[in-house]
Each structure stands twice: as C-alpha cells, then as structure tokens.
C-alpha cells in the first residue's frame with residue numbers, strides 16, 4: 001500500500017502537466033471527428049481531412065539511423081501512377097505496394113519521399129518504423145515504434161506522411177511529380193507518383209496509367225477559434241541539428257541515391273496525427289480565407305486558387321533581371337521622366353534687379369510655316385512701326401495662340417535673353433504651357449504714331465536681324481516696336497512668306513526682350529496694329545518701365561499643329577480690363593508709378609529648378625576652410641618597430657612597461673627580504689653551546 005500511493009500521486013501530477021492529452025497544453029479534438037468532412041464528389045469520409053490538432057497516434061520514440069544506408073539486394077520498381085482532379089484540396093497518394101513482410105513476423109520499414117523538378121531531386125519526408133506486424137502496412141498503430149519525421153521544406157512543410165502514403169495539397173494547374181523509396185525488410189520499392197488539378201484530363205507529361213480520379217480531393221473546414229495557439233511550433237518543425245548543407249536552400253541528391261536524416265534541414269517531434277492537421281491548416285491558410293469558419297466551399301473552378309491574396313507560394317519577382325534587360329518590367333511610375341527639349345532655361349537672382357537666363361543646349365526647331373507672317377492683300381496698309389530713342393528699352397510683342405489651360409496656370413516671371421538664346425527673337429515667341437495672356441486693350445484704342453526715319457543697329461550676336469524688303473503684300477518695314485501687341489507680322493501656317501527677326505535698339509537693357517502673348521480668334525485675318533510710342537503713354541516708357549524691371553515670362557513651345565491654329569490673325573483683342581494687366585495701363589505723370597507685384601521667387605535652390613532649367617549652371621561651391629586639408633599628414637615614426645598604430649600606442653606601451661618593471665622590482669625585493677629573514681631564523685634556530693671550564697671556587 002505504501003508503494004502504490006507515490007505512484008498514484010505521480011500519475012495524477014503527470015496527467016495535469018502541459019503537453020499531455022488530459023492537460024491544458026494541447027486540446028483534444030475541437031471539431032467533431034470528421035463527421036462534417038466529405039469529398040466534393042460524394043466519396044467516403046477521409047480520416048486525414050482536418051485542420052485542427054489531434055493526438056490520436058502515439059508519439060515517436062527517437063531519431064532515425066544517421067548513416068546513409070545502401071540499397072537492398074532486391075529492388076522492386078513499380079510503374080508510375082498519376083491522378084488528375086478538377087478541383088483543389090488534399091490528396092492522398094498511395095504507392096502500389098501490396099506485400100508487407102511475412103505473416104506472424106515483424107519487419108522494419110523506412111519511408112522516403114522526393115520531390116522531382118527539372119533541376120533537382122529534393123528529399124521532403126523521411127521516417128523509419130520498427131517492430132511492425134507482418135502482413136500490415138507500416139503505421140504508428142501497427143508498428144511498435146517509429147522515429148521522428150524529417151522534413152525537407154517549411155517551416156511548416158505542406159506535405160505529410162500518412163503511414164506509408166503521401167498527403168499532398170493541390171491548388172494550381174502545375175503538375176507535381178514525387179518519387180518514393182519504401183524499404184520493407186530486405187526489399188526496396190521504388191516508383192513515381194504524379195498529380196495535377198484542372199484540365200480536361202491527364203496532360204502530355206502524365207504517365208500512361210494516369211487517369212481522371214473519381215470525385216475529387218477533400219477540403220478541410222476551417223476550425224473555430226485558435227486551436228493551434230497552445231501547440232508549440234517546435235513540435236512540428238524544428239531545425240535538424242545533424243543537417244549537412246546550407247540553410248534555406250534545397251538539398252538535391254543524385255538519382256537513385258537514398259536520403260539520410262542529414263540531408264533534410266528540419267525535423268518534427270510530433271505524432272503523425274498532429275502533422276496531418278498541420279498540412280490541413282497550411283492548405284486552408286494558403287488557399288482559403290480565414291473568416292469562413294466551418295463553411296465547406298463548393299467545387300472550386302480550375303485555377304481559382306492561382307490568384308488572390310491567399311494564393312499559395314507566389315512566384316518570386318525577378319527585379320534584377322527586369323531592371324537590367326527588360327524595360328517593360330520596370331514600373332512606369334518609378335521610371336524617371338525623360339527631360340524634354342526646352343526653349344530656354346530661366347532662373348532669377350534674389351539679390352539682383354534684373355533676371356538672368358541660362359542658355360539651352362538643345363535648341364527647338366521652328367518650322368518656316370509657323371514663322372511665316374499672315375498677310376491679307378485686301379487689308380488696308382497700316383501705319384509703319386516706330387522705334388523708341390536709343391536710351392530707352394526696346395521691346396517686341398508677337399501674337400501667339402494661348403489655350404485656356406495655359407492661361408490658368410501661373411508661372412514665375414522671367415525674361416528671354418536674346419544674347420543667351422540660340423534662336424532668333426521671333427522663335428522665342430512660340431507658345432508654351434504655364435504662361436498667362438498679356439494682351440493689351442489700351443493699345444488697340446490708341447492711334448498709330450509717326451515712324452522713325454532710322455533703324456538702330458542690332459546688338460545680338462545670336463539673333464542677327466535681317467532687313468525686311470517692302471513688297472506689294474507687306475507692310476512698310478520697321479524695327480521692333482516696343483508695344484505689347486503685334487508690332488511685327490503675325491505668323492500663320494498658310495502664309496508662304498518667311499518671318500524676319502526683329503532688330504533691337506541699343507541701350508542699357510537692349511539685351512532683354514519682353515515677349516507678350518495675345519489671343520486671336522481662329523479663322524479670321526487682319527492687320528497687326530501698332531501701339532502708341534509716346535513716352536507718357538507708352539506702357540514701357542521711362543516713367544513706367546525702369547531698366548532692369550522683370551518682364552512677362554516667355555512662352556514655351558510645346559509642339560503640335562493645333563497650338564498654332566488661328567495664331568497671328570491680327571484681330572484686335574477684346575476690351576477686357578482683366579486681361580490688360582498692370583504693366584500695360586497708362587500711368588499718370590502726376591502720380592507715382594503703381595506698385596508692381598513682387599516677383600515670385602524660386603523656392604528651389606540653384607541648379608534644382610525643375611523642368612524649366614534642366615541645364616542651369618550651378619555656382620561653384622567652395623568647401624569651408626576647416627574641411628580643406630592643410631597638407632599631407634606626416635607619417636608616424638614608431639618608437640619600436642612593432643608599434644605602428646599611433647603615437648598614443650607608444651605612450652601606452654611606455655606606461656605599461658614602466659608599471660610592469662616597477663612591479664617586477666617590487667616582487668624581487670619582497671622575495672629577497674623574505675629569503676633573508678628566513679635565513680636569519682634558520683641560523684638562530686640551533687644556537688651553538690660552548691662549555692667553559694670555570695675555575696674552582698675558593699673558600
């Protein structure tokens with residue numbers, strides 16, 4: 001009685017520990033045992049179709065044989081067997097093996113499966129059985145013991161061993177081929193198993209024995225709750241300490257070479273029933289939404305599991321190959337936009353009064369038809385253009401077509417420089433995006449003035465003007481007028497004449513040419529009107545436009561024949577004060593000039609001005625004096641040949657040597673003192689005795 005009580009107490013304690021069937025570590029069957037799981041085609045209930053943890057089988061007892069075993073003398077080769085299904089799910093591939101040892105005898109078994117691809121023969125599962133009953137297939141219940149299950153993929157692996165068969169999840173059209181090696185006593189059974197989903201039947205690569213299977217694979221329902229929360233992952237997938245190979249890489253074996261436990265990178269310590277549940281859980285996580293709890297979906301169409309957020313094992317994107325060879329493989333949003341050809345690059349200096357311009361390396365080709373002036377023979381000759389005195393700023397206006405989208409976009413003010421632009425001044429008046437319409441209404445109401453008798457010489461070297469010869473269809477020649485509207489002939493696409501670049505008057509600001517854009521009604525023709533040139537009423541007179549003031553931005557050519565439609569028809573602009581602008585109003589001589597709105601300063605640093613200045617030269621950046629090297633650093637001369645690091649190492653070596661020398665001297669002195677004291681004690685330990693003969697005493 002006293003011996004039984006401790007055993008009962010120990011059994012009671014062990015029954016409550018985590019990891020046992022009756023404890024709280026791993027729960028029992030949560031769902032009914034396969035009562036709600038059926039094949040989509042109406043086949044019988046599958047005992048392996050579940051996705052929750054079960055502990056129905058006894059656990060493994062130890063590791064498999066570490067050494068690589070040789071092939072037995074007798075090898076039985078089976079014909080390849082293939083199965084094709086219409087839907088996805090879990091499929092049990094059973095090898096065609098019938099003889100399992102002699103009756104009334106025991107045998108040992110070794111089951112190994114390989115996954116075959118075009119370039120690799122990868123071992124995926126390995127298990128050994130011992131003490132199996134003859135006449136029955138090896139399993140955890142018919143054998144006395146079995147080893148851990150070694151896995152070649154994962155974690156966790158998507159395949160599972162069911163006795164001597166292979167449980168495979170299928171969900172895509174790609175066919176999979178497996179090789180099995182089952183050793184039963186002294187016989188080795190070898191063969192191939194093939195499976196696919198989708199299609200009308202076995203494909204061209206299927207074995208001859210492949211046929212359409214009845215029904216279809218089973219689909220496990222999603223378990224309620226979180227049954228795998230209490231199952232440690234080390235049970236069903238842990239690193240194999242005896243693995244000989246590279247981690248996270250397939251282990252490929254030569255043909256007909258048996259695998260050893262050292263060829264598989266992972267090992268599972270859980271029983272077979274738990275590993276089957278892991279395979280079902282992996283399938284529903286990869287191929288089905290997790291919110292469909294307890295719902296058995298209908299027949300899945302072929303290829304329904306290929307896409308979507310739950311598509312299993314998507315192909316690895318080949319970023320390097322796409323970026324190197326295939327331009328279409330690169331995302332167009334990531335690709336940098338190609339810098340187009342601009343008319344000119346403009347920038348503004350915040351410290352100076354006059355804006356500066358940077359030349360563009362690639363000039364814009366302007367067709368001759370676009371630059372040809374529009375002339376109507378029936379139109380009355382208008383007054384010739386006039387010029388301003390040499391000390392005043394000479395400007396030119398060209399009629400261009402501006403779309404409503406372009407007028408709605410605001411752009412920073414800039415001035416087109418004739419000296420820096422490689423095109424003529426007339427070519428600089430092409431339309432562009434991002435510029436407003438600056439037509440003047442007051443110029444259309446003012447009568448023309450008397451032309452000047454002389455024409456000042458041009459000052460531009462890049463845009464040298466050519467004199468215009470008066471003809472029967474042209475207006476009298478004249479230099480560039482400083483008006484905001486068409487002083488020169490407006491270009492049209494149907495005119496055979498060519499445009500002559502205007503001349504610029506000499507002066508302190510003769511290099512700066514302000515370009516104004518006006519809007520004309522397409523389909524009409526007329527003559528260009530000349531704005532007034534009186535100093536008091538001229539919009540760019542000395543009282544209103546001082547030298548160096550910013551001018552309207554130059555238009556930018558965008559290309560396309562539709563932008564030049566109706567341009568240069570010579571129609572007077574509408575009388576609209578909103579389109580006149582502040583710079584084109586007649587100033588009052590008795591009042592100070594109106595305050596001009598401050599120019600919009602660029603917010604980007606020089607050299608990063610966006611599409612307007614792709615080739616803007618940067619100012620030379622000078623490094624601070626403290627960052628500039630003063631001269632070559634003298635090479636360190638070590639105190640000893642073995643000290644080559646730094647002068648600090650020399651000092652540290654000297655200090656350390658001094659300390660150690662002093663310590664050594666102290667130790668030697670202490671040892672000498674102790675030795676001297678011990679020698680003195682030894683000398684006085686045995687004192688010499690002398691006997692002296694005393695004389696006798698006298699009475």
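Any Cβ shown, glycine's included, is placed from N, Cα and C.
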Task = Check each of the ranges 630-650, 651-671 against Swiss-Prot and return the one annotated as transmembrane segment.
result = 651-671
Note = Least Cβ-packed of the glycosylation sites 104, 163 (other Cβ atoms within 10 Å) is 104
Key: Cα-to-Cα gap, residue 163 (N-linked glycosylation site) vs residue 104 (N-linked glycosylation site), nearest whole Å   = 20
